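Below is one structure; the comments refer to it alone.
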Amino acid sequence: MSGMDPTEVFRQEASELFEVLEGALLDLGQRPDDRELVDSAFRALHTIKGSGAMFGFDKVASFTHEFETAFDRVRKGEIRPTQELISVALAAKDYIRALIEDPQSTDDIIGEAILDDLKRFVSADQPAAPVVEIAEAPALAPAESKQAGWHLHLEFESHILRNGSNPLDLLEDLCKLGPCFVVPITDGIPFLDEMDPEDCYLKWDVKLHAACDKDAIDDVFMFVQDEMKLTLSPLEHSEAPAPAPLFQLLDEELAPAAEMPAPVVEAAAAPVAEQPVAEQPVAKQPVAKAEPKSESKPEPKSEAKRDDRGIATVRVQAERLDELMDRVGELVIAQARLTQLASSGSDLSIKMIAEEIERLASSLRDTTMGARMVPIGSLFGRFRRLVHDLSRDLSKPVEFVTSGEDTELDKTMIECLADPLVHLIRNAIDHGIEDTATRTANGKTEQGRIELAAVHSGAQVLVTVKDNGGGLNTARIRAKAEEQGLIAAGAVLTDHEIHQFLFHPGFSTAQTISALSGRGVGMDVVKRTIENMRGTIDLSTRPGQGTTVTLRLPLTLAIIEGLLIRVGEGRYIIPLSAVEECIELTAEDERSRGRNFLNVRGNLVPFLRLREIMTASGAPDRHQKTIIISTGETHVGLVADQIIGNHQTVIKSLSKLHSDVTIFSGATILGDGTAALILDVAQLVALAQSKVEKQHISEAA
Amino acid sequence: MNEGLTGERQSGAMQVVMIGLGEEKFALDAGLVREIIDPVPVTKVAGARAFVPSVINVRGNVIPLADLRIRFGMPQLDDSADTRIVVIELELEGEPVLVGVTADKVYEVTEISQTDVQQTPRVGMHWKPEFIRFIAKWREEFVIVPNMERILN
């Protein structure tokens, strides 16, 4: 850990803070009165500024400072956070993120434009003076404090630079106490030929507009006290302009705009409010009494709870967890051998120890797996921004509701899920939700609703994206499929089968191609990504009432349930999710060397003899077994010598030297310590199909 | 001695692990060697290239087992009491890869000095010259320092 680049640490930290900030800003759009949200946004900003300066991101620090200054008005309750202000604030947040992640790509002009926007919202006409100040010293804040401050006169001894002290640093420290107005006194500068470049000739006059006490100022100059003359006199009243009346004016102007999202407040707060009630019915009572008018009161409480949980975490590199997982895997294998050994002997005490170790090893494995799990809520948070922006761009008001944020998934899965979910949510807003006029005509609420939910279901996690839009237009999909020659006109298909065409590459029913969707790339990519994660995707729709997309995902990528089989001497694993059924190869099928088809309840199923593919030596077992596997609609039989049984498997990827081998997707280690290969079902199916085609060709010839 | 012989030998000597394959002795750069283990059960990988026919489990990692004898056209002897697996770490396409190498015998860790290095003769070799980094003299014998990256790619 100690070797980690501190800048990288800052970047990670910042990206978490950005999520907090973004979440708070978006919530603020919904509940402009929530003080807690303003404070949490402000805290995030402040931390970004502080650590940004610490790690040398000066631009970030100065920009954030400006942002913070503007936002301070909101915090003081002087202005209300309107939708427009939130949008600008989000843009500012994006700019800071760009400054941190890729400083080269940013342009100061953009930053200035955003700041100008911010200032325009915050105060209609900021006097010119503070702007000049900013030009002189970027870290200075516009003087707006109404509190009295201090007037400082600084005179350093001429040799101060030689001691390594830098008066400019001290001034910067001073600025941190509050808005400063610094004027250098250049009287003492001699002619050029008399000047010693290592001497300090400048003196400074500083007006500090902050109500700090004298000790704080003394602290700044603590180390140079002996080498300087510091004259302090209190400022009677601030010379800073006090544009208070302007605020009021602005307030009145913005008030109607701010009322617009008001109905949302109740709608959004209500489901949240229910939660804590269910959890702590007693605790809620006094709160409700003390603050009868506040509806969103329970929300800050749950927010605080979330914060508490945050403190009790440790940041660990993902690689270390992988390493730990490997070690645990080894331990489990060693333990299996010990158990084997103990059961073959008769020593009772060794058997007891073996059992004890088995129990410990399995719980250690579960714990280690658990450590790789992260709540999916971190992912959901990102989509709120997406929905916010899309609903603004398409002018379709959309309410975004998430549930099951606590559902845990393997870290790598969460990362893989981000892109597919973006697609699905975009589709839901762009195609699913109708425009306001249509909705009103159909007697629906003007505001669309998109629900993103995650829930555990056995060893799987279900993630659903549900909209209450118009639903899929089955007739149109069918027409399009016929037009593209995917189905014959007049073929009898169920609605479900027709909907599957949506996952076909290049399939789009959108009449016009918009910037968002309609190009026909997307759903097929989504499907492929989900299938690569060994998950499935399912569509269900009700005309006029909406569409639900359900993703079924395994809990982790690191472990699969497999079927252990034997082919000759070798043992292989078939992912259990792909296995349909196991049947015995009949004597008749066995004899027929010429054809590679099975008759499974009247259906022709091509089969592959694994003994041939694996070039197994020795005589085949007398009763060959067939495992029917499927990918989507295709079924293929695999003929093996023996089916050993279920096996929970830690997946190891194959080395680069075996990258040319396609029929195996990975390897695992069996209980006796040998490696076993995991069959790649999709590749085997493709192989079987190509064989069938070849057979057809040879028959035709 | 001349160009083509790389950096680690600038100190004059090179630490090597001396292994025997058939009748020949090979010197593996000791810097590559991670460990030397007794033979373990191997798992055949159908469809893999002949010189990496199988995988083995080494401390919870499934790594390929390479057979240099195939690459050098030598007969494959059955495992004997002397057979060992030398686990080496190579850089393939910028990523470290662990590979096991079957050795009929592992002799010792020793040093070969720069002055013992011989030019690879252009004639009289039945091995592909690109598999050989150089040939050195060690105790009156010629040993081959193989270029593992080339052999395994």
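Yeah, the Cβs are placed from backbone N, Cα and C, and that goes for glycine too.
These numbers come from a predicted model, not from an experiment.
As annotated by TrEMBL, compositional bias 'Basic and acidic residues' applies to A:290-310. As annotated by TrEMBL, domain 'HPt' applies to A:1-103. What TrEMBL lists as domain 'Histidine kinase' is A:319-557. Residues annotated as domain 'CheW-like' in TrEMBL: A:559-690. Residues or ranges marked as phosphohistidine in TrEMBL: A:His46. Feature annotation from TrEMBL assigns region 'Disordered' to A:276-311.
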- Task: Mind tallying the domain 'CheW-like' (A:559-690) by DSSP state, helix then strand then coil?
- Result: 25 helix, 67 strand, 40 coil
- Could you pull the average pLDDT for the domain 'Histidine kinase' (A:319-557)? 81
- Residues near A:His46 (phosphohistidine) in space but at least six apart in sequence (CB under 8 A): A:Glu68
- Item | DSSP-derived helix, strand and coil totals, residue by residue, for the domain 'HPt' (A:1-103) | 83 helix, 0 strand, 20 coil
